[in-house]
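To start, the structure under review is shown below, and the notes come after it.
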Amino acid sequence: MSEQLLTASTPIDAAPLSDNTVQTTAPATSKINLLDLNRQQMREFFAEMGEKPFRADQVMKWMYHYCYDDFEQMTDINKGLRAKLQRVAEIRAPEVAEEQRSVDGTIKWAIKVGDQQVETVYIPEADRATLCVSSQVGCALECKFCSTAQQGFNRNLRVSEIIGQVWRAAKIIGSLKSTGTRPITNVVMMGMGEPLLNLNNVVPAMDIMMDDFGFGLSKRRVTLSTSGVVPALDKLGDMIDVALAISLHAPTDDIRDEIVPINRKYNIETFLAAVRRYLDKSKANGGRVTVEYVMLDHINDSTEQAHQLAECLKDTPCKINLIPWNPFPGAPYGRSSNSRVDRFSKVLMEYGFTTIVRKTRGDDIDAACGQLAGEVIDRTKRTLKKKMAGEPIAIKTV
């Protein structure tokens, strides 16, 4: 596959969605939103209109290579087909409600999805530009150090609301090309939500990201991060091949049970066994997984815990990202000191692990790891909060 740059209430132990179930909100119109369809589905849709498969490919190219949403702009499509598409279909990406820019070049967008918002983050670096994409409105997993989890859970995002984040960001970044803004080269499913609890919408969206007529990214440049929904991870390996990152954050079950509650259902040993099964199937990971480990002061950052982590991971090929914890209002944790992070990192490297201390990006606009909140109406009837404003607002039930 050629690679191009992109310019233009659920319980913790909820089972993965079945093959024929997609959680969505009702579309705003009766027209088909083409952003909900991967290439196979697009071809089926065009076949139903009596059109040949290459017409679907042409439209996809205009949609994703050029970020066009008006059929009249698609000049190699005959007028009759353009008129037919205008009647039965649309290209409708979620709109930006708010944009914030960090001093380090990071951009955070609050994206409107129905009457709520999710957050999408663009992170430029010297050799790449990564887009962090959300998969759910809120999150059901209740990880104690994560701002998103404190908002509760509302619903899964549709395919169009996931790939639409990439489409919208690519269109904005494309408009900034003259300023030297780097095109998107990588996408990470590390925004709001647990991607494996929305598998039937996340997988088609990632498929479009990697499709030559979509955004054309290589499978090594599309990463899914999970906290450990083991049955869905096994299912993922049979559905698609993408890079995998795991949110581990603790070397022992007693600590992980407290800060990542899904561990009470799928413990570390069970989780890592599933990771190894995925690696056996995957070519996207280069034989190893990325382990994410948020550093919490005097919670999981001692030298002894570094040794425990090395022992825990000895049978799992991996590289380790140590992530400075990013605070949010009301959180009971503190960020590990640089000296504790350095000692922790040195222990892991002595065991031979590739260990990287992640540089915090966008923390001045609450766009760093663990800070994404958006606006969530929680179906479990917790208090609705809009963290971007930093103030609680009235409860609204669904």
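Placed from the backbone N, Cα and C atoms, the Cβ positions cover glycine too.
Look at Swiss-Prot and you will find E119 tagged as active site, proton acceptor. Look at Swiss-Prot and you will find C132-C369 tagged as disulfide bond, backed by sequence analysis. Taken from Swiss-Prot, the feature [4Fe-4S] cluster binding site applies to C139, C143, C146, supported by sequence analysis. What Swiss-Prot lists as S-adenosyl-L-methionine binding site is G193, E194, S225, S247, L248, H249, N326. Taken from Swiss-Prot, the feature active site, S-methylcysteine intermediate covers C369.
Feature map: Swiss-Prot annotations on the structure.
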residue	record	CB count, 10 Å
C132	disulfide bond	28
C139	[4Fe-4S] cluster binding site	27
C143	[4Fe-4S] cluster binding site	22
C146	[4Fe-4S] cluster binding site	27
G193	S-adenosyl-L-methionine binding site	30
E194	S-adenosyl-L-methionine binding site	30
S225	S-adenosyl-L-methionine binding site	21
L248	S-adenosyl-L-methionine binding site	28
H249	S-adenosyl-L-methionine binding site	26
N326	S-adenosyl-L-methionine binding site	22
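Within 10 Å of the C-beta of the residue listed as 'active site, proton acceptor' there are 27 other C-beta atoms, taking all protein chains into account. C132 (disulfide bond) falls within a strand when secondary structure is assigned with DSSP. With respect to C139 ([4Fe-4S] cluster binding site), the closest of these recorded positions in Cα terms is E119, chosen from E119, C132, H249. Ranking the recorded positions C132, S225, S247 by the distance of their Cα atoms from the Cα of C143 ([4Fe-4S] cluster binding site) places S247 first. Spacing of L248 (S-adenosyl-L-methionine binding site) relative to C146 ([4Fe-4S] cluster binding site) is 13 Å (Cα to Cα, whole number).
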